[in-house]
Amino acid sequence: MPEARDASPYDALLLLSFGGPEGPDDVVPFLENVTRGRGIPKERLKEVGQHYFRFGGVSPINEHNRALLTALRKDFAEHGLDLPVYWGNRNWAPYLTDTLREMVNAGHRRILTLATSAYASYSGCRQYRENLADALATLEAEGLELPRIDKLRHYFNHPGFVEPMAEGLVKSLADLPEEVRAAAHIAFTTHSVPHTTADTSGPVEGHGDGGAYLRQHLDVARVIAETVREKTGVDHPWQLVYQSRSGAPHIPWLEPDICDHLERLHDAGVPAVVMAPIGFVSDHMEVLYDLDTEATAKAGELGLPVRRSATVGDDPRFAAAVRDLILERAAVERGQQVTPCALGSLGPSHQVCPVGCCPGRTPKPAAAGADSPYA
Ligand SMILES: CC1=C(CCC(=O)O)c2cc3nc(cc4[nH]c(cc5[nH]c(cc1n2)c(C)c5CCC(=O)O)c(CCC(=O)O)c4C)C(CCC(=O)O)=C3C
Ligand SMILES: [Fe+2]
């Protein structure tokens with residue numbers, strides 16, 4: 001009987017993330033990397049560049065990922081899980097291809113990846129799998145022996161992801177002036193995506209009507225709102241709303257935007273709002289600019305008290321959840337029975353992305369899924 005901490009057949013974990021600029025000179029090349037071939041209007045890019053320049057050209061995302069790496073290594077060491085942890089990004093150094101080359105040269109052959117997106121979507125899942133396929137193609141051309149790469153299941157409904165957010169929300173509610181607290185609404189936010197992207201998120205059989213992207217967010221929102229009710233004794237009304245829309249105006253994206261939502265709530269006499277960014281794993285630029293800067297300024301104009309609740313970041317419960325997911329997947333790969341942990345009504349997500357889930361606009365090879373051209 002293998003030890004509970006046995007990660008075999010895996011020999012390394014790779015944290016896969018977005019990447020972000022680390023100084024003013026990085027901003028434009030970073031945005032060029034992000035938007036290559038994606039048809040984002042120039043105006044939008046100039047505007048988003050300003051968001052970064054406002055913060056000295058530094059995105060907080062890399063620092064958050066470094067903190068997460070530290071939390072993961074600490075958790076693994078404390079629990080006897082001997083698994084080296086690496087980090088590679090889609091859009092900025094350390095670039096995924098470089099990290100993967102380093103991993104192969106260090107002898108790793110069975111790599112498990114953790115993406116810093118908890119939900120099914122093209123940007124949060126398949127695009128990372130395409131990035132892995134690109135990286136593998138580069139290493140293959142260099143004559144390196146290719147590792148086998150798998151991806152951890154979506155963790156949106158894992159208690160180690162949900163509980164820190166519920167706790168943060170309770171704290172933010174408590175931070176509101178007492179006279180408006182009981183009637184405060186909760187605005188759960190996530191990244192807006194085009195309707196077509198949402199509708200085709202997740203496995204093919206669930207496509208349509210917002211797809212897995214919407215269902216997963218709504219389920220998490222409901223679980224968190226329920227937890228908050230149990231902890232505070234108050235049943236706060238809640239809605240799922242969106243932020244960080246880009247793309248051409250004639251293409252429909254998920255709505256309402258958080259700023260429009262705050263205005264409507266204010267018009268309807270709602271006295272306070274807590275914004276809870278459940279779509280994001282850490283306080284990166286979307287949270288810092290779109291919520292803490294823009295939406296908070298909007299609320300200020302309206303005279304509406306708002307708070308923004310915490311993302312999971314490097315919370316030890318999240319690190320422990322990642323360990324749990326690794327051990328679960330390793331056991332599955334060894335052919336053992338597992339009881340995957342999940343809150344809410346959807347149940348645990350699939351272990352292996354099925355053929356056709358979360359398609360992009362043009363079909364591209366994607367690794368770490370049932371339609372991977374690699375073993
Ligand atoms: C679903 C989703 C997530 C969550 C899942 C995940 O975490 O992966 C996410 C995360 C992030 N998005 C980020 C930054 C950007 N996203 C952009 C553009 C876009 N995002 C999209 C979707 C998502 N994005 C989409 C459909 C576009 C349109 C273009 C396209 O179809 O690709 C652009 C271009 C300019 C703009 O239009 O805003 C930027 C700069 C950063 C880094 C922040 C930092 O630096 O701290 C992070 C974590
Ligand atoms: Fe984005």
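Glycine is no exception: its Cβ is also placed from the backbone N, Cα and C atoms.
Just so you know, TrEMBL annotations are computer predictions that nobody has curated.
TrEMBL annotations:
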- Ser59, Tyr128: Fe-coproporphyrin III binding site (BINDING)
- His191, Glu286: Fe(2+) binding site (BINDING)
Nearest-integer angstrom distance between the alpha carbons (Cα) of His191 (Fe(2+) binding site) and Ser59 (Fe-coproporphyrin III binding site): 17
DSSP-derived class (H/G/I helix, E/B strand, else coil) of Ser59 (Fe-coproporphyrin III binding site): coil
Secondary-structure category, per DSSP, in which His191 (Fe(2+) binding site) falls: strand
Integer Å distance between the CA atoms belonging to Glu286 (Fe(2+) binding site) and Tyr128 (Fe-coproporphyrin III binding site): 19
Cβ under 6 Å from ligand 1: qualifying binding-site residues of Ser59, Tyr128, His191: Ser59, His191
Rounded inter-Cα distance in Å - Ser59 (Fe-coproporphyrin III binding site), Glu286 (Fe(2+) binding site): 10
Cβ contacts of Glu286 (Fe(2+) binding site) (under 8 Å, same chain, 6 or more positions away): His191, Gln243, Ser244, Pro277, Phe280
